[in-house]
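Asks: Sharing a structure with you now.
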C-alpha cells in the first residue's frame, strides 16, 4: 500500500509540475497561441488523474529487496555513471574492465571470477566491436590530458560540472 | 495474382546470397538471445538496433537482419521456458505450463522440437495472413484523416493498457510518461524548445533507443543484482533429440486453430503476442476439456501457445505496417527500427516503397524456414547457451548496450539518461507498472500530437470534429471498451498460475 501511495504522490507532483511547465511553453506566430500547449496539458491532466487513482486505490506492496541489495544496486548505478563519462576520455578497455568486473561482483560475489570476467568481457567485446563489426568510434585506450579526467568526473557532481 | 508478383518483388530484394547470410546470422543470434534467460525479443532487438545502425547496412539488409533476430528470439524464448521454467518474455509464459512438466517427464527433446514446429506453423500462417490482409487494410487506411489517426493512437494505448497491467490507472500513467517524454524538444511548428528545462542536451528530444535500451536491458541488470542470478541452472536433462512425428501429427488441428486465434489477437492494436498465446492456450484447454490433461505436460499444451504466440507476432505486423501502430512491445521495437532506418510505416508505405514491405515479408518467410531447419538439429547447441552464468552474461549485455548508444550518439548525456531509464524501469516493474506503454508513448507521441493539432487546425478548434466520422466514432468506442472491458473480464481472463517445483 505504502509503495503505491508514495509512487502516486511522486507522479502527481511530477504531473502538476509538467502542467505548470506546459503553460509556460513559448509560442509564436507560426504555431498559434494554444496548440503547442494543448497536448502536453492533456497528458499532464490524465497523468494527474491516474496518480490520484493510484494513491486512493493502492495495490499491495511488492517484495522489496533488503538493505545490502540496495547498496549493491546503488554501487552499480554509480559504476555505470562513471563508466558513461570515462568511456570517451579513457577509451574502451580500461573502463570496461573496471565496470564489467564490479557489476559481475555485484551479481556473483566471487572476486576472482569477477576479475576474470571483467578482463574477458573487455578484451572479447573490444575484438568483437573493433575487428568483427568495425565500429569506428571504439578506441582501445587514450591517455587523458591534464585535468581532462577531472572534467569528465565533474559532470557527475551536481552544480560543478556539466556543459 | 497481385500478391504473387509482389512476393516475387520481395524475394528479388531479399533473396541474395548476402541477405541470406544475414538471415542465417540473425536467426542464430536471435535464437541465442531468446534462449538466454532475461533477454527476450524486445530487449534483444533493442540492444542490437544501435549497433546495426552504426554498421552502415542499407535499409533492406538491416531489415532482414533484425527481423531474423526478432523471429529467432521468438523461437528461442521457448527453450528457457521448457528447460528452465523461466519465460524469456511474457508471451512465452504460457509455454512453461505444459512445456516444463513435459521436460520433467524426460521428454524435453520432444517438447523442444514440437514447439519449434508449432512456432513455424504459427509464423508461416500469420505471414500468409499478413500478405492477404495488409494491402486491403492499407487501402482502408487512406480514408483516415487526422481525427481518425488520433482515435487510433488512443485505441492502441487503451487496449495496451487494458491488457498489460492489472491496474488500468498504472498502464494509463505509463502511457502518459511516454507521451510526456515525447513532447520534450524543439517544437516543429514554432521552432522553439518545449519542456527542455533549458538544457541544450534535450533540444533534440529524448532518443527512443536510449529509452528502450534503458528500460529493457539496463533494468534487467538490476533484477539480476537483486536475485544474484539464482534459478538459472538447468534442472532437467536433455539426452536424445529426435523428431516426434506422432505428436506433430496429433496436434495439427491444435496448431491451425491456435494460429488463427493468435493472428486475430495480434491484429488488435496494442493487444499483442501475450494475448495471442494466452487465448490460444485457453481455447485448446476448453476444447480438450478436463480430461485433456492440460497443465500436466501434454503435447497440445506445448503446441497451442507456441503457435498462438508466433501467429500473434505476425499478426501484430499488420497494424504496424499499415497504420504505423504497433500491436505489442516487440513490434514497438521493430517500429523503432524502421524509424531509425528512416522508413515511416503507414498506408503510403505500400504504394511508395513496396520493395521495403514485400522485402520484409519475404525475409520473414526466409527467416522462418531457416529457423525450422536450424532449430531441430542444432537445439543442443542452443541449450548449451543456457549454461552461460549470469555474472558474465549481464555485465556483457550492459556493456554492449553502452557501446551501442555510445556509437550512435557519442554523448555521455545519453548514456547517463539510459542509466536513468534503467533505474526507472526497475521501479516501474517492481510496482507492476507496464513499461511497454512508456516505449509506445515515446515512439508515437509526436505523431499523436501532430494528428490532434492538424485536426484542431482543420476544424478551427472545434472539439466535436474528433468524433465527426463513423470510423473515428467506431475507434473511440473500441478504445473505451478496450480500456474498460478488462476490468470486468479480469476474473474470466485470469492467468493460470505458473508451475512450481
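Here the Cβ of each residue, glycine as well, is placed from N, Cα and C on the backbone.
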Asks: According to TrEMBL, which stretch among B:323-344, B:411-432, B:433-454 corresponds to the feature transmembrane segment?
Replies: B:323-344
Asks: Please work out which recorded stretch in B:45-71, B:140-162, B:381-405, B:465-489 has the most C-beta pairs separated by under 8 angstroms from the transmembrane segment (B:206-225)?
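Replies: The stretch with the most close Cβ contacts to the transmembrane segment (B:206-225) is B:381-405.
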Asks: By Cβ distance under 8 Å, which residues at least 6 away from the ends of the transmembrane segment (B:465-489) in the same chain are close to it?
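Replies: Non-local partners: 143-145, 147-148, 150-152, 154-155, 157-159, 161-163, 168, 172, 268, 270, 455-456, 458-459.
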Asks: Averaged across the domain 'DUF112' (B:20-440), what pLDDT does the model get? Just tell me the whole number, please.
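Replies: Within the domain 'DUF112' (B:20-440), the model's average pLDDT equals 83.
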